[in-house]
Amino acid sequence: MTRCRILPIVPKLQTKLKVKEVIRNMKIILLGAPGAGKGTVAKLLTEYDGSVQISTGDILRAAVKEGTELGREAKGYMDRGDLVPDALIMRMMETRLQQPDCANGFILDGFPRTIPQAEALKKLLEKLNIRLNFVVNLEVPRDVILDRLTTRRTCSNPDCQEIYNIKSNPPLPDGRCKKCGSPTIQRDDETEEAILNRLETYNEKTAPLIGFYEREGLLKTFSSVSSAETVEAVKKALKEC
């Protein structure tokens, strides 16, 4: 009678489970110039693993809409046309990161924007015992950014704000939003002159974060000409970290 050799499959199963666990608890920061595709990449990644996309704009709007204590405080600054102080933003971020949906992981979309915010975030994550997988730096040629943003259209409904591109993802033929039917518009900060000013501001204030996170040993740079290819590259990096 021929004896069959039983191969040890348990270690392989354990390896797969470990990889899945890492992916399903994604904790990353997305950096990149305006038009680098941070929002698109974040959305695709959250659909992949169940993590949540977090931006300071979303946090501020939600807090103001819900009328929380922090929201009322932030609204006072916003109504006066002042910038919301970093200290208040960090208090909101602390509250947001402790909400139940962050247990599956999170993606910080475009935050931090300055070195002081990065230093404050580092202290906050240490306080909450949260370890980042890494920081994603999205690199895109300037001509691609200009083309992306000048052809972008946004739903005018403040409760929707779906984003379109008249070349790659157009709204309805009459210019209305596919989701809610409201008119789509070109934002004032997405004209060529405004975009060039935004890029200059980014280079002055936000680009230094690349060096900050490189020194922290967290930076990974990806080409972001194709959002789909970028997402696949980030997935691969997550499996390896």
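Backbone N, Cα and C atoms are what each Cβ position is placed from, and that goes for glycine too.
Record features (TrEMBL):
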BINDING   Gly35, Ala36, Gly37, Lys38, Gly39, Thr40, Arg152, Ile163, Tyr164, Ser226  ATP binding site
REGION    55-84  region 'NMP'
BINDING   Thr56, Arg61, Asp82, Leu83, Val84, Gly110, Phe111, Pro112, Arg113, Gln117, Arg187, Arg198  AMP binding site
DOMAIN    152-189  domain 'Adenylate kinase active site lid'
BINDING   Cys155, Cys160, Cys177, Cys180  Zn(2+) binding site
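Shown on the structure are the features that TrEMBL records.
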residue	record	DSSP class
Gly35	ATP binding site	coil
Thr56	AMP binding site	helix
Asp82	AMP binding site	coil
Arg113	AMP binding site	coil
Arg152	ATP binding site	strand
Cys160	Zn(2+) binding site	coil
Cys177	Zn(2+) binding site	coil
Arg187	AMP binding site	coil
By CA-CA distance, flag whichever of Asp82, Phe111, Arg113 among the binding-site residues is nearest to Cys177 (Zn(2+) binding site). Phe111
Measuring Cα to Cα, tell me the gap between Arg187 (AMP binding site) and Arg152 (ATP binding site) in whole angstrom. 8
Long-range environment of the region 'NMP' (55-84) - Cβ separation under 8 angstroms, sequence gap at least 6: 39, 91-93, 95-96, 108-111
For the Zn(2+) site given as Cys155, Cys160, Cys177, Cys180, which other residues of the same chain have their Cβ within 8 Å of the site's Cβ centre? Ser156, Asn157, Asp159, Gln161, Glu162, Lys178, Lys179, Gly181, Ser182, Thr184
10 Å Cβ neighbour count around Cys155 (Zn(2+) binding site)? 22
The region 'NMP' (55-84): mean pLDDT? 90
Tell me, which binding-site residues from Thr56, Asp82, Val84, Arg113, Cys155, Cys180 are within 10 Å of Tyr164 (ATP binding site) if we use the C-alpha atoms? Cys155
Between the Cα atoms of Asp82 (AMP binding site) and Cys180 (Zn(2+) binding site), what distance do you get, rounded to the nearest Å? 31
